[in-house]
Amino acid sequence: MAKEQLQVLNALDVAKTQWYHFTAIIIAGMGFFTDAYDLFCISLVTKLLGRIYYHVEGAEKPGTLPPNVSAAVNGVAFCGTLAGQLFFGWLGDKMGRKKVYGMTLMLMVICSIASGLSFGHTPTTVMSTLCFFRFWLGFGIGGDYPLSATIMSEYANKKTRGAFIAAVFAMQGFGILAGGIFAIICSAAFNANFDAPTYKVNALASTVPQADYLWRIIVMVGAIPAALTYYWRMKMPETARYTALVAKNAKQAASDMSKVLQVEIEAEPQKAEPTANAFALFSKEFMHRHGLHLLGTTSTWFLLDIAFYSQNLFQKDIFSAIGWIPPAETMNAIEEVYRIARAQTLIALCSTVPGYWFTVAFIDRIGRFAIQLMGFFFMTVFMFALAIPYEHWTHKDNRIGFVVIYSLTFFFANFGPNATTFVVPAEIFPARFRSTCHGISAASGKLGAIVGAFGFLYLAQNKDKNKTDAGYPPGIGVKNSLLVLGVVNFLGILFTFLVPESNGRSLEEMSGENEEESETGTVELEQSSYNNRTVPVV
């Protein structure tokens, strides 16, 4: 038995695309811009940190971060993000989306700035400070995932909801691009002003003292876009779906959305208060209705991020392995940052950014399921195409082919599961669990990112222990690591079949809230009839 939808929610579902939709995309999207900038800029400066703080006198190659330090610097923000996704996802359902939204942004701004500062000059104190603040930066970034997705899905109309949520996520592409471009500009400026010989010519002089400022500037600039959007986040009203369905204040929801939509919405009498019939998170009823959906969203995001982050964080290593970036000893420290930034920016410009916006263009036409399935399929194909003839790609004449196929895997990750795994959890769960379930799904993804980031560090090492990076045990090599990622992507295809299609359907229809509340209303009506029955006088 379906219940008639609240008028304010129906007004949102059928609203024409207007200016407030685009302002919401920018306000929510700037958080993701900062997220991507912060998470990916660290991969640009890890080699520089190795040269500055871990220089070994008389060594043939420049200093590199020890394995445990490298893993900590790369992975600590992910651990923070995972914790933040779970905590702020839960808090967003308890306190409301808007109240929590400002907290996450302030945390990001403060910790972005603080992660470029150091309490002390020794390698241990510098790395400890960096790791501490990057954990809390990740904690703030984690909160942005469930809140931005939920706010955008609850503000959007039925027809273009997928494109709007995907557009918020697509701001990540610009964040990655901005990180690369800013690093190119900074390193080029530093290189022009502070001339240094290559490591081969003079090991000590190849890292100028000013290089210590370069990585700090790159890391700290991530605070600027987040700070710029704080005021606008605070001005956004609470979403109508939270106010009406969770806080149970349909009158306030109608008033808020009248201002946003600039149309008159009649305030309706308050619908039934929640009763014992409304099931709890992880209850038997929840698992019956949404258990498989939650398994689908968590497993696909987990599998995607293993492949996505292991590729992304360590693409500089892959470029070095195939000779796209010259050997470290033939460059000075700042030139190395410039070369890595240039290679990553090229990949972002050619594949990452277009992939995101292809999803925005097609998600409401061909649906979430088709895009996710297609993305995982092509990622699997291209990963095996890189892995099986790996020796072929290492020859100098074939390097361009390697980079093209490598770029295509990124394109289909973003025109595929990287975007859809973010969109779908914001659409298919009831309003009172929406932020929590999105947070759980996203945290599962970050667990995959941790597996990818940490695992790939060790897996991709050469099988010959004499050819491994300093301090690392022998691994299975890049070829076998790429084969493992191909299998991971194939598993993603299988788990996609657990995820329902939400294209063109209202949030309440997808989550079953209309039916759920009508059942509650029926129970209350029967109870009321029972209480008002006429008892014969004896």
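Heads up, the Cβ atoms here are built off N, Cα and C, so glycines get one too.
According to TrEMBL, the protein carries these features:
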{"type": "COMPBIAS", "residues": "510-519", "note": "compositional bias 'Acidic residues'"}
{"type": "COMPBIAS", "residues": "527-538", "note": "compositional bias 'Polar residues'"}
{"type": "DOMAIN", "residues": "24-504", "note": "domain 'Major facilitator superfamily (MFS) profile'"}
{"type": "REGION", "residues": "506-538", "note": "region 'Disordered'"}
{"type": "TRANSMEM", "residues": "20-49", "note": "transmembrane segment"}
{"type": "TRANSMEM", "residues": "69-88", "note": "transmembrane segment"}
{"type": "TRANSMEM", "residues": "100-119", "note": "transmembrane segment"}
{"type": "TRANSMEM", "residues": "163-190", "note": "transmembrane segment"}
{"type": "TRANSMEM", "residues": "213-232", "note": "transmembrane segment"}
{"type": "TRANSMEM", "residues": "346-363", "note": "transmembrane segment"}
{"type": "TRANSMEM", "residues": "369-388", "note": "transmembrane segment"}
{"type": "TRANSMEM", "residues": "400-419", "note": "transmembrane segment"}
{"type": "TRANSMEM", "residues": "439-460", "note": "transmembrane segment"}
{"type": "TRANSMEM", "residues": "481-500", "note": "transmembrane segment"}
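When Cβ-Cβ distances below 8 Å are used as the criterion, the transmembrane segment (481-500) is approached by residues 292-293, 295-297, 299-300, 303-304, 306-307, 310-311, 368-369, 372-373, 376-377, 379-380, 383-384, 386-388, 390, 417, 424, 428, 456, 459-460, 475, 510 of the same chain, each at least six residues removed from its ends. Across the candidate stretches 163-190, 213-232, 346-363, 400-419, 439-460, the maximum count of CB pairs under 8 A to the transmembrane segment (369-388) is reached by 400-419. Here the listed stretches are 69-88, 213-232, 346-363, 400-419, 439-460, and the one with the most C-beta pairs under 8 angstroms to the transmembrane segment (163-190) is 346-363. Here the transmembrane segment (69-88) lies next to the transmembrane segment (20-49) in space: the count of CB pairs under 8 Å, restricted to residues six or more apart, reaches at least 3. Among residues of the same chain six or more beyond the transmembrane segment (213-232), those with a C-beta under 8 A of the stretch's C-beta atoms are 23, 26-27, 30-31, 33-34, 37-38, 41-42, 44-45, 48-49, 52, 102, 105-106, 108-110, 112-113, 115-117, 179, 182-183, 186-187, 190, 334, 337.
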